[in-house]
Amino acid sequence: MTKYIFVIGGVMSGIGKGITTASIGRILLDKGFNATAVKIDPYINIDAGTMNPVEHGEVFVTEDGDETDQDIGNYERFLDKNILSENYMTTGRVYQAVINKERNLEYGGRCVEVVPDIPNEVIRRIYKVVRDSRADFVLVEIGGTAGEYQNLLFLEAARIMKLRHPKDVLFVLVSYLPVPRLLGEMKTKPTQYAVRTLNSAGIQPDIIIARSESPIDEPRKRKIGLFCNVVKEDIISAPDVESIYEVPLNFEKENLSRRILSKFNLRTRKKDSRKWNDLARKIKNLKKSVKIGIVGKYFKIGKFTLMDSYISIIEAIKHAAYFCNAKPEIVWLDAEDYEKGENKLKELKSYDGIIVPGGFGGRGSEGKIKAIGYCRRNKIPFLGLCYGMQLAAIEFARNVSGLKKAHTTEVDKNTPHPVIDLMLEQKKNLAGNKYGGTMRLGAYKCALKPGAISHKAYGEKEISERHRHRYELNNKYREVLEKKGLVVAGVNPERDLVEIIELPVKKHPFFVGVQFHPEFKSKPLRPHPLFREFIKASIKTNNRHTMSVLIP
Ligand code: GLN
């Protein structure tokens, strides 16, 4: 019998519901159970592909080409497996499916209503995941917080599930306990209100995850327990941590998996948390560091800097750095700053490695090109991801192959040298305003050039990586680029598309650009080969800096 755990937020958003869900999955996995996770996004959007990353965070691309919420990435990293499109739903998707069925007369002519037809469609989708994944546990994270009008129908679906499977459904509330500076005391009232709001939706939480700056103490556990109808042992202390990979360990210190299993009358099948725990401990004791700059533009919002737009890249850097026993120091570099002059560029010298991530449009693109050129000339390890690879090709075309006006038609439609350009089917998509879900998405094969950096990194002849882009390196320019020393190190065998460009190691310690997004496949216990080699090269550079200081 499949067990369902609904994870619901209270008090406020952004307190780590995704990490909580992923961590619960991890501790169950480490007790010998097969777990998967579903994310419900209460937006009308059909997918995350059409949302601004500054507002919604990263668009995480699945193996089967869906543009999903960044939490799917958290699930993949913590559960160490692929999560597919069917594990992601939005309000838009659910309504669209119901309306399509209605048009196909699948409701047999009866009146189709918001309740129960919308919750029923949600439940149908959850059952589908159960059938396909055959998981022992299906975790369902409901986006937003209790009390929002937007997720009411999803709570309704959860309530109905409990009614149908009273012994197989558990509700977890992830709440926040503020410690106002003026009071210096942890306050429980917002959590009490959140539980009351959930109660009015017919849901009683079984477990409360008490997120806060610091651990929750006994008196407050007792208080929440009494007012929220939850035994003290089911209030799990979840203080802020330095590394998200510590969260499963902290949950286990509070006996969370034991509490969950006993509620379902289950027993631990095997214990296997050693690797994960070793990693979490290793992270705390790193002695050396590696400083990586990310030249991007989707991280400033008012006075705040958000990391969510590049979350998989950050995690991939961390995985690789941990593998190399180094603490990553990640710095945000605003691409537009490099458009202002040479002086700013010189600051790049103080980084051990530079990443230019994916992106869209003209703003900041010249700055990124300048930064890439600086890395190329000054032998600073460079990894270009998607747009970062495209701009590296443009930089090389302009400054090495002498095509001064080379560009991508994404930014300059009339460039005389469209080194990066649209393929025919993408031209049709754009002409018809077909933006949603029409990029080159999901996993594609790539054949690697023997002896190239990437070939050595992967240790395989053919690989598969996830994509999300419209534009491609224009094959008409391959020759002029290769003639001047750019290495085409990876090609899609079916359509002969350039997927990887490199500079030879003789010329540069590490200069690699990839059309795909390797960051999506990196796992804490299995760092991605390209990130691993990039970080290795960056650490080497770092050593060289230190050496030159020591030995003048
Ligand atoms: N804007 C580029 C394209 O559409 C790159 C996209 C990306 O970096 N994800 O091809």
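The backbone N, Cα and C atoms fix where each Cβ goes, and this holds for glycine too.
According to TrEMBL, Gly14, Ile15, Gly16, Lys17, Gly18, Ile19, Val241 bind ATP; the candidate from Asp69, Asp71, Asp80 that the record adds to this site is Asp71. Going by what TrEMBL states, the L-glutamine site holds Tyr387, Gly388, Met389, Gln390, Glu410, Arg470, and the candidate of Gly359, Gly437, Gly442 recorded there is Gly359. Site annotation for UTP in TrEMBL covers Ser13, Lys187, Thr188, Lys189, Pro190, Thr191, Gln192, and the matching candidate from Lys221, Lys223, Lys232 is Lys223. The recorded positions near Lys17 (ATP binding site), taking a 10 angstroms Cα-Cα threshold over the set Glu141, Lys187, Pro190, Met389, His517, are Glu141. Within the set of binding-site residues Ser13, Gly359, Gly388, the entry lying nearest in space to Glu141 (Mg(2+) binding site) is Ser13 (CA atoms). For ligand 1, the neighbouring recorded positions among Gly14, Gly359, Cys386, Arg470 are Gly359, Cys386, Arg470, by Cβ distance under 6 Å.
For the binding-site residues Gly14, Gly16, the greatest number of Cβ atoms within 10 Å around a candidate Cβ is found at Gly16. Each residue in Gly358, Phe360, Cys386, Leu391, Thr408, Ile420, His469, Tyr471 lies on the same chain as Gly359, Tyr387, Gly388, Met389, Gln390, Glu410, Arg470 and has a C-beta within 8 Å of the C-beta centroid of that L-glutamine site, without being one of the site residues.
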